[in-house]
Amino acid sequence: MAPVTETGIGLLCLCRQGFEPELAGELQFRASEAGFAGYARTQRNDGYVLFMCDEAAALAPRLRWRELIFARQKLVVLAELPQLDPADRITPMLEVLADAPRFGDLWVEHPDSDAGKPLSGLARAFGNALRPALRKAGKLTDKPNNRLPRLHVVFVDGTHAFVCVADPADSAPWALGIPRLKLLPEAPSRSALKLDEALLTLLTPEEREALAKPGMRAADLGAAPGGWTWVLTRQHMHVLSIDNGPLRQHVLDTGLVEHLRADGFHWHPEQPLDWMVCDMVEQPRRVAERMATWFREGWCRHAIFNLKLPMKKRWDETRLCLDLFQEQAGKPLVVRAKQLYHDREEITVLASPLR
């Protein structure tokens, strides 16, 4: 039998390759804040962080997936299998799941990293082999059932896997934590995918329906060439696009856009707006302060904005900017932030009273 680590060893979180130190720092900070002891086990460019904690099952609901910034996915580790036999990977997994409850679905995954991506074929083939074995053992429903825990097997190489569990209500609903979004030909720029992903990731379906309604009024600061403006028009919002640069003509032709040639960093509306969005290349602290001014002055009710992170101490800068924003906003707000799949050296922030 393959060696097995002790079950319930910690949390496994997937992230963008190269951002393991930021995720490790965030997990350490959030766990300590919640009163849990633990430590991060990771290597740069692995694309994941294992946060070792004896009380992982109790810690998981305290670290909500939607509130974690650098985690694409959050899983509770049931077992680590570091020396699997390629001739029989299924038997040791069934053995560690002998006392586990029935699961509503199975996802077999790998980190989104240089070492992890070549494992996609193994993950797909192994999932097809493991599903019938789990069903025969009474451990997996015939059809996906989101009311039951979801089983994850995460391969980090061909003979090393983590067997994990996720709460479907508190985890990413996409394999690898990556939403599959298609860039439509009419999108003015790839940045449109950022705002599409932000709306999917930072808001629940119920919140999206309540907060992104046709007829709402929005401002897009630093709008050119119009990627984020275009996304807002697809929500049937009326948009003030603020930029000295040009917008794509087909964005203007929607009839929902007014292009104002001005500096998006200094412009503000005469009347309060429902939404403000901003994806400007500027120092993150300056952006955080300007976004706070918008809320303090009552110029918008909801906002989505990007913070471009420095090359070093990115977790420290993230905390500083978000604290600065909340201190200066002058009102209680729900603030959620994520490093999205379509983000690069940046995070995307939602701020809203959510009511």
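Glycine too: its Cβ is placed from the backbone N, Cα and C atoms.
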Further S-adenosyl-L-methionine ligand in Swiss-Prot, beside S191, A224, P225, G226, G227, D243, D279, within candidate set D170, D263: D263
Of P225, G226, G227 (the binding-site residues), the residue whose Cβ has the fewest other Cβ atoms within 10 Å: P225
Pairwise Cα distance for A224 (S-adenosyl-L-methionine binding site)/K308 (active site, proton acceptor) [Å, integer]: 18
Cα separation, K308 (active site, proton acceptor) to G226 (S-adenosyl-L-methionine binding site) (Å, whole number): 19
Winner by Cβ contact number (other Cβ atoms within 10 Å) across the binding-site residues S191, A224, D263, D279: D279
Under 8 Å by Cβ from K308 (active site, proton acceptor), same chain, sequence gap 6 or more: V281, E282, Q283, P284, V287, E345, E346
